[in-house]
Structure formats: C-alpha cells, structure tokens
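Undergrad: Structure below; questions to follow.
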Amino acid sequence: MAFPLKDDLGRAKDCWGCPSDTPALSTCSNADIFRRINAMLDNSLDFTGVCTTPNTKGKCEHLQDYQDTEGPAASRMLFSTSHEPLPRGLPDTNDLCLGLQSLSLTGWDRPWSTQDSEAGGHSSTPTAAQSVFSMLNSPMGKPSPLGFLTFDPIGSDLMEKYPTPLLRSSRLDSRSILDSRSSSPSDSDTSGFSSGSDHLSDLISSLRISPPLPFLPLGGGVSRDPLKLGIGSRLDQDHAALAAATVSPLGITKGWPSTSVWPSWDLLDSAEDPFSIEREARLHRQAAAVNEATCTWSGQLPPRNYKNPVYSCKVFLGGVPWDITETGLINTFRVFGALSVEWPGKDGKHPRCPPKGNMPKGYVYLVFESEKSVRALLQACSQDLLSQDGLSEHYFKMSSRRMRCKEVQVIPWVLADSNFVRSPSQRLDPSKTVFVGALHGMLNAEALASIMNDLFGGVVYAGIDTDKHKYPIGSGRVTFNNQRSYLKAVSAAFVEIKTAKFTKKVQIDPYLEDSVCQVCNAQPGPFFCRDQVCFKYFCRSCWHWQHSMEILRHHRPLMRNQKSRDSS
C-alpha cells in the first residue's frame, strides 16, 4: 500500500517503496503492529506491496526513526490507495495532508540525518505539494471530515533533539488544524476511529515513523509561507499579495506571535481579556478626539427657512448655573408645561440625578410632555439672529440660589432637520452609506449633505440619528450614488468643519448592518474591519485568526453601537 504521487512526467510514484531522497516510512519494523491494527479494523487496510522490500543500505538506511511523538504518528497512518470509499471513521487523504501542513518545520524537505547540513536536496515532487495545499484552501470555510483523534502537539523532546530557531520560537497547536466545522458523521464522537479502544491508541503510539513527505519547505529562497499567511481565513489575492510584499524570508518567524506557529488561537482563548475587540471598538468611537483631520471644509451653512416647524419635545439647556438643582429647574420651567430633567451622564445608574452631589457639567436636557410647551418656551426666549448662517440662538433668563438672572441657551430641534433627500427617486444603498460621528448640534441633515457633497460628491441622502424623543444624538448617515465617492469618504476618516460659529472635527466610518461573518459564513459577524485590505465583517474567532498576523495587527475593529437609542 502506498501514497501515490506523480513525478514530473505525470507518472505515479510510490514514495514509500521506491528509492528516492524522500524520507520513507519505516514500515518493515512495524509490520507486526500494522497487522494487529488491521485485525482490529476488520482487515480494512490494504497491505499490498508493503513491507516487501527491506530498508537496504543506500535507500533509506540513513534515516533516523522518530518514535517519541504521538501526533505525527497518527497523522501518517497507512491508508488505502484504492478508489473505493474509506471505511467509516478512517482518515482520508485530506486529513493526512492536514497533519503534514501543520508541521511546516525547517528541514522537513530533507532526511533527518542531514538536517543540519546544506547538502540535503529538495524534493522533486512540487506537484504533490501544490495538490496538498489546494486541498487546504480554507479549512474553516470548506468543512472537511476529520476522523482522527486530537493528539498532543510536538513536545519538548523534539526541541531538544532538533533545536532549530523556528522550533524554539514556535509551538504547534493541534486545535487549529482539527477544529473543523463539518457535521460529517466522521467528525462525531461516535465515529469508528474516534471511539477506538485504548489498546488501538497504544499500538499507534508505538509505531516507528520516519519524517513526513516534503511539504512547503521554508528554505531555498521561498518568499513566503502560505500556511502562515492565513489558511482558513480566506484571504483573497490582494491580501496575499500584500503579505508577500511585506514578509521577507529572513523575517518569517518574526511576523508571528512567538508562542504559536498557527495564528490567533492563543489570543482567542485568552482568559485575561475576552472582550478586547469590544473595548477597541468602543475606543474607536472617540477616535476623532485624538486623530488629525485629513481634510477641512470651511464656509457658510445653508440658510434655514421654516414654515410652521414641528419641534422635538426635548430641548438642550446650555450654560446653566453650577449650583442648579433638579427642583430648581422644574420650578423654573413648569410654567410652560409638565416636564422631566435629564442630566449628563444618562448612561449611568441614576440618569435623572445630578452627577457628583448636585454638581452638573453646565448643561442639561429638558423633556416636555407636549410639543406645545417647547413652542411656548421659545416664544419666551430672546433671540440672537446669526445673519451669515441664517440661524438664530435662543436665550432664557433664569436664577439659582447663588446666581441671579443667568442667561442659558435653549437649543430646540426641528423634526424636518433630521432628514434630507437630494434625489427622491434615487434608491438608497446601505453599501454606499457612511456613518458620521461627533457632529455639532448646529448641523442639520441639509448642512451635512452639503458639506459631504462639496468634499466627496455624489450625495443623495443625509440623515441625523435621533433618540426616542427625536432629538439628535450626535451622529448621522450619508448615502452616495457611486462607490468612488463612498470610498473617498471612508478613506478620509476625519474631517474638520469650520464655520463662523463653530469648528468641529467629525469622524467618518462605513455604515454597519447586521451581517454574517464573511470569512466562515457560519457565525454572526458583529466586527467590521475598515482597512481596505480586509473591509469585511468578522466573527470573533475569524477576527483573531486573520488579524494575528503582524501585517494586519494594527487594524482596528468597528461595531454597531449596541446602546439603544431608546435608552433615554
């Protein structure tokens, strides 16, 4: 029985029974063990041609046997070369090749007796390596049946015998190879091989196995290791090209975490920081405060001409006396109608109480029960007309125990300012929509659309996000009619807006929707990578999988704001 490969002329080769430089399996010394295993498996293994040729000098005599590790022994068990389907539970060719790929160690393309020398030649079977690699295109996206046990990774005994730099800085994690998402019967705990007896496991562990077939050699000027560039994460050709241009052969071990050859699983299983992605996503929402603007818009905001405006029942009160209390506010404004008070820090445990012992931050929100109360309040205010912008500011005089006749600013919100449609017949495409954060309170939807259209062009819609009282929450959405304008806006990221009344830096991100992970297509994808190398949705495990690579580790996640807009 043999593993058929094809030589350069397309003819089948037997890498276990023919004289070659390829390391061979020491089957002759294991014949009795194989017969006992075959008997336990109802003689399902084909031993034709096996153990008929002794390991004579000049063929495979120089190979050293490796019998200290159980994992490689199991992953290189004999299997039938016939075209009949394998017995239930036995590993097939794909499974065995998975084990080969996981062992991408220096010198596996040469006999072990010549690992430390430069004389070892590379294998002459590149087509076999390519075919094996093609079967491993995406272990996460294309479930493959895995019918063998999860054995321990190569241990310290191998590191002591062969202390190569890669071994010293690496650790093979079998879970990354064996974590298939297939629902195949051969994956289940009741499959034939997975539920084998302890005696069978003992037989397997006692096998004397030589090194595996050459696979993905790291030497010889190879520019990159396909395994380490994210097998299973479905990096497309653009990603692979970027990785090939960034990772050099000499620095191939430096581009990965020193604790694991297969990326991400240490990070995934980290008990110290299970919510690191969420924390980074929350920090990104305040990124405008610490990042420089890439472009600036300056000018006049569009004039506002209202006919019978309808207001939100919620108004902003700025510049309130520092010693004001909730009782004092209600007593002052209840002449206009029933109301409640919302203090800053509404996300805390007591949103309707002044923070830190009646020490407000200088502003507060009033929520009236009727829109008519807001109209009455505005009529009682003095107005400062801002002729250059067509805006007017409302001020109301109030007093506290220690401050007499203090003017506070009243900022209402007209409901018509929440949405602006430039082309009513244009269909709004979420994939061409951006999220704009850190908006100034004086920016309405029309002004936002005008600014974004001046900068990037193609704006067909702008909307301001509001809470349950239909009052702005400081963010908005802008939809474009073409992909180029959309990508320009996303690439800009931070834009500074300068007007006669205020200067504000806003933050632009892709608009996020509920989506499945675009890598595994199996789990929800709440995390989005805005970097154009990725630019897709990820589940937690796929995010760690892809972004554990050094060239992608600087990417920051985005998440939809989980805080309900009805929280107030």
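A Cβ is built for glycine as well, from the same backbone N, Cα and C atoms used for every other residue.
Annotated phosphoserine per Swiss-Prot: SER138, SER174, SER210, SER248, in sequence order. For 173-195, the entry in Swiss-Prot reads region 'Disordered'. Residues annotated as compositional bias 'Low complexity' in Swiss-Prot: 179-195. Under the heading region 'Necessary for degradation by the proteasome', Swiss-Prot lists 181-208. Annotated domain 'RRM 1' per Swiss-Prot: 313-410, in sequence order, evidence recorded as sequence analysis. Positions annotated as domain 'RRM 2' by Swiss-Prot: 432-513. The feature Zn(2+) 1 binding site is assigned by Swiss-Prot to CYS517, CYS520, CYS539, CYS542. The Zn(2+) 2 binding site annotation in Swiss-Prot covers CYS529, CYS534, HIS547, HIS555, and the record cites similarity to another entry as its basis.
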Undergrad: What's the CA-CA gap between HIS555 (Zn(2+) 2 binding site) and CYS539 (Zn(2+) 1 binding site) in angstrom, rounded?
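TA: Taking the Cα atoms only, HIS555 (Zn(2+) 2 binding site) lies 15 Å from CYS539 (Zn(2+) 1 binding site).
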Undergrad: Pick from CYS517, CYS520, CYS534, CYS542: which of these binding-site residues has the biggest number of other Cβ atoms within 10 Å of its Cβ?
TA: CYS542
Undergrad: What is the Cβ neighbour count of HIS547 (Zn(2+) 2 binding site) at a 10 Å cut-off, with all protein chains included?
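TA: I get 26 for this one.
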Undergrad: Give the distance between the Cα atoms of CYS542 (Zn(2+) 1 binding site) and CYS529 (Zn(2+) 2 binding site), rounded to the nearest whole Å.
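TA: CYS542 (Zn(2+) 1 binding site) to CYS529 (Zn(2+) 2 binding site), Cα-Cα distance: 11 Å.
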Undergrad: Distance between CYS520 (Zn(2+) 1 binding site) and CYS534 (Zn(2+) 2 binding site) at the Cα atoms, whole Å?
TA: 14
Undergrad: Between CYS534 (Zn(2+) 2 binding site) and CYS517 (Zn(2+) 1 binding site), what C-alpha distance do you get in Å?
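TA: Just about 12 Å between their Cα atoms.
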Undergrad: Sort the residues of the domain 'RRM 2' (432-513) into helix, strand and coil with DSSP and give the three counts.
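TA: Per DSSP, the residues of the domain 'RRM 2' (432-513) fall into 23 helix, 35 strand, 24 coil.
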Undergrad: Can you list, in sequence order, the residues of the same chain other than CYS529, CYS534, HIS547, HIS555 whose CB lies within 8 Å of the CB centroid of the Zn(2+) 2 site?
TA: ASP531, VAL533, PHE538, TRP543, GLN546, LEU552, ARG556, PRO557
Undergrad: What does the structure give for the C-alpha distance between CYS517 (Zn(2+) 1 binding site) and HIS547 (Zn(2+) 2 binding site)? Integer Å is fine.
TA: 14
Undergrad: Between the Cα atoms of CYS539 (Zn(2+) 1 binding site) and HIS547 (Zn(2+) 2 binding site), what distance do you get, rounded to the nearest Å?
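TA: So the alpha carbons of CYS539 (Zn(2+) 1 binding site) and HIS547 (Zn(2+) 2 binding site) sit roughly 12 Å from each other.
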